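Going by TrEMBL, these are the annotated features:
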- 4-93: domain 'Ig-like' (DOMAIN)
- 100-194: domain 'Fibronectin type-III' (DOMAIN)
- 197-290: domain 'Fibronectin type-III' (DOMAIN)
- 307-405: domain 'Fibronectin type-III' (DOMAIN)
- 411-507: domain 'Fibronectin type-III' (DOMAIN)
- 511-598: domain 'Ig-like' (DOMAIN)
- 607-701: domain 'Fibronectin type-III' (DOMAIN)
- 704-797: domain 'Fibronectin type-III' (DOMAIN)
- 801-885: domain 'Ig-like' (DOMAIN)
- 897-990: domain 'Fibronectin type-III' (DOMAIN)
- 984-1073: domain 'Ig-like' (DOMAIN)
Amino acid sequence: MLPPEIELDAELRKVVTIRACCTLRLFVPIKGRPAPEVKWTREHGESLDRASIESTSSYTLLIVENVNRFDSGKYILTIENSSGSKSAFVNVRVLDTPGAPQDLKIKEVTKSSVTLTWEPPLIDGGSKIKNYIVEKRESTRKAYSTVNANCHKTSWKVDSLQEGCNYYFRVLAENEYGIGLPVETSESVKVSERPLPPGKITLLDVTRNSVSLSWEKPEHDGGSRILGYIVEMQSKGSEKWSTCATVKVTEATITGLIQGEEYTFRVSAQNEKGISDPRQLGIPVVAKDLVIPPAFKLLFTTFSVLAGEDLKVDVPFVGRPKPAVFWHKDNVALKQTTRVNAESSENNTVLTIKEACREDVGTELRYRVTGLIENHDYEYRVSAENAAGLSEPSPPSTYYKACDPIYKPGPPNNPKVVDVTRSSVFLSWGKPIYDGGSEIQGYIVEKCDVSDGEWAICTPPTGIKNTHMEVEKLVEKHEYKFRICAVNKAGVGEHADVPGSVIVEEKMEAPDLDLDMELRKIVNVRAGGSLRLFVPIRGRPTPEVKWAKMDGEIREAAIIDTTSSFTSLVLDNVNRFDTGKYTLTLENSSGTKSAFVSVRVLDTPSAPVNLKIREITKDSVSLSWEPPLLDGGAKIKNYIIEKREATRKAYAAVVTNCHKTSWKVDQLQEGCYYFFRISAENEYGIGLPAETSDPIKVAEVPQPPGKITVNDVTRNSVSLSWEKPEHDGGSKIIQYIVEMQAKGSEKWSECARVKTLEAVISNLTQGEEYLFRVMAVNEKGKSDPRTLAVPIVAKDLVIEPDVRPAFHSYSIQVGHDLKVEVPISGRPKPTVTWVKDGQPLRQTTRVNISDLTDLTVLNIKETSKEDSGTYEITVANVVGQKSASVEIITLDKPDPPVGPVKFDEISAESITLSWNPPAYTGGCQITNYVVHKRDTTTTVWETVSATVARTTLKVTKLKTGSEYQFRIFAENRYGQSFALESPPVVAQYPYKEPGPPGTPFVTTAGEDLKVEVPFIGRPKPTITWTKDDQPLKQTTRLHIQDTTTSTTLHIKESNKEDFVCCCKNNSSCCPWS
């Protein structure tokens, strides 16, 4: 049983950084008995559906292909078995464009601007956010236009907006890897604000319980339609304002007031953004009935006019309640006619006289008698008075009852025939100029069939209220006359004849239309506005109307209204696709009539057409396109090219000012998939995009395969291998095609298709000569071929054996496994023999040899130091043999140093030790020796030195006369050896009497003499040469040379004098020689 363990590599303990679109591989060795259960998770529970996980008893591997920003984070590995559990984590940072900014809000809206705020993205793509891109889009359009491409804060005021329009906004973050995902306003934002206060308030009327007010519209509606007005009032002595009316017009009557109470009024305008500041009536109003005596405000009392010219007399007046107005001429009530009539309103009366004549001249010979009792009869007489006195009264008048006078109305005005059918006539007329002082109650219409001359009433006896009528059930082809009378309380007035007579028959008229001059030109309308085409038409019978659009259909949203006299077409929220020729066709039984109106919607352009991929390389794509069919009513200024990796959602701009219809998009990531789109721009903005329907892989045909090698040749086959192409063109190599060409032929024929880097071509003709070539294939096509440098003859090969070890020596630590692979060659296949240190290698379960086609492999499990040595490999076939050797060095702690331990020098306080290096150094250099000492009276060892570099050491500070034992360890980087122990030794001088010098040498006088005297003694004796009991002094003729074991006297040209030599040390002196 073994608890689970995780061996997390040092690189995985850091943050693992990887580019977007690449493959993430997390390889983690694991241990445990029984084999632990493996579980990978994400820190916040994110899905691992895209991950491929492989686990064995010794490792686990997590692979995520095509990583993106959302694959960043902490990956947690947990392994568990019955002995316990273990966890570790790996932090992964994907270098990608950022995620979408967070919490996009509309902070403020005015009539021309919108202020936005947002928070940075949760995922920065592994790189600092450089800036933000702010874009806007009118709700009637599909394409966004850039407001600011280099915003360095998390708020922006978008100004210069069109008042009253609806906009969408979006914000994107950008880092060094590109533009990230956008965050967009969920609903459109209308660019408007609260309206200004209403204009001047006017008091129209006041009664005991009501007040009538009117006011002017606000100077500005805030960019949004006025929905209504709120009228508030405040009673005197109160601070509270209460709503008393909500209206959609600019006037209101407030009822329910308390008589005599004083009120203040104010009015506010309201649109969809809110309520304006109020406009207050300048003075308070008291609820009471107004009584104003009638009074004239005549500017002149005399009016002059030339005969034949028109005269208009306007007389202002005031009065409450509204006064009745009467006109008299020469004391006689003025009779109104079509030439002379008077009309009165709330505050003035107007007398109109057409073509004035002398009969219209009048003197003021009238007097208003007041104080009469209603319905009483009175007679009147008049006296004239001058300076002389009063005249006799005139004869009395007849009796007049005191009541308001009324008269029969005048004839209706301008009667005429409007239309005629096979059984009816349509008549119309106007009100009488003179209503007789009483309201017109109705009209009576009469008809007369000319064939019998009798008049018949066509209306009910009380008449009709309308000033038009269809007289039905007439006899076809008959001729009729018509007349009309007005009716009031006084009775039926004078009739008015319809001019001429009318023959009742169906009127046939070919259809026709009156196309206004403005419609004969090109009708320009801004996108988002309304298109209104109003065309008067005529024709009998009423023509059938058809609207159509050339090169397309009229949108279903179009409202078409048609009557017998006009037709209209209304399209709201027009866009670029509403541009074109609108045809109007009228048709009835009398013929047809057509006309057209050219409409140009001033909008951004439509999408470019015929977008094509012209060329693809390993890092670029060339695009071409044609201009949009609809230019939006303005010249195309430029094109905008954008790209998007298939794994991302946001496009990034490639170029925003392209003035041609083609572009090469370069610096693309090889092997990645991209979408591309093109938008045209005119003075009204950026139009709709044309987009590639499928992703484009940035790749090309691969380069040719690498070097081709002939692996084998037989009488009927050739075995070839080759290297991968240096570049796969950005797309995975699908297969390789092998072709061959027989000698004397110009034709290349395919002989193999393989997915590996080798192939065997069989069925060759023995002795025939062939050329071979190989091509790599990816999804973009075939590479250029790579041809084998020399032709191949199909025959069995005989090749001398060869063995070439890759290394001359192999080092392996004891206990580890060793595998030595030695390449061999030869045809036929050679036999292989292994020898170690001159002896055939004996194979066991631990040491074994395996031979392959081109390799011989030595496997040693759990090596020991006995496995070190020289290994010789011999290969042999019928052609010959060849040998090579390799040395295997086993690395271990060394053997003990080689003894015995020598005591080179002993004194009372120190001993100098020496020893030999170990016979087996452990396969590497001895780093140092460790020397211990022990007083033989104890069992405790003390360290003398642990850093001895040589094989000798002087041990000092010993106790005189004590017996010591020493031990030495050898040490290398793999450990310390066992100890080499010395015999006991006493720390004291080993004094001995020196022996006599040797027998002196005798030579002939005059010859050079060399006398060498050996000696022994510990410590080393002091050497003294004397002559005649006097120490011998060295001269140019005498020279003395001492060693540790002898002394030598050199005498040039010796003579017969005697010389004596004596050796002396601390012990004693030796005899004289």
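Just so you know, glycine gets a Cβ as well, placed from its N, Cα and C.
Automated prediction, rather than curation, is the source of TrEMBL annotations.
Each residue of the domain 'Fibronectin type-III' (607-701) gets a DSSP state, and the totals for helix, strand and coil are 0 helix, 52 strand, 43 coil. Most Cβ pairs under 8 Å to the domain 'Ig-like' (4-93), among the stretches 197-290, 511-598, 607-701, 897-990, belong to 607-701. Under DSSP, the residues of the domain 'Ig-like' (511-598) split into helix, strand and coil as follows: 7 helix, 51 strand, 30 coil. When averaged over the domain 'Fibronectin type-III' (704-797), pLDDT in the model lands at 90.
In the domain 'Fibronectin type-III' (307-405), the DSSP tally of helix, strand and coil residues is 3 helix, 33 strand, 63 coil.
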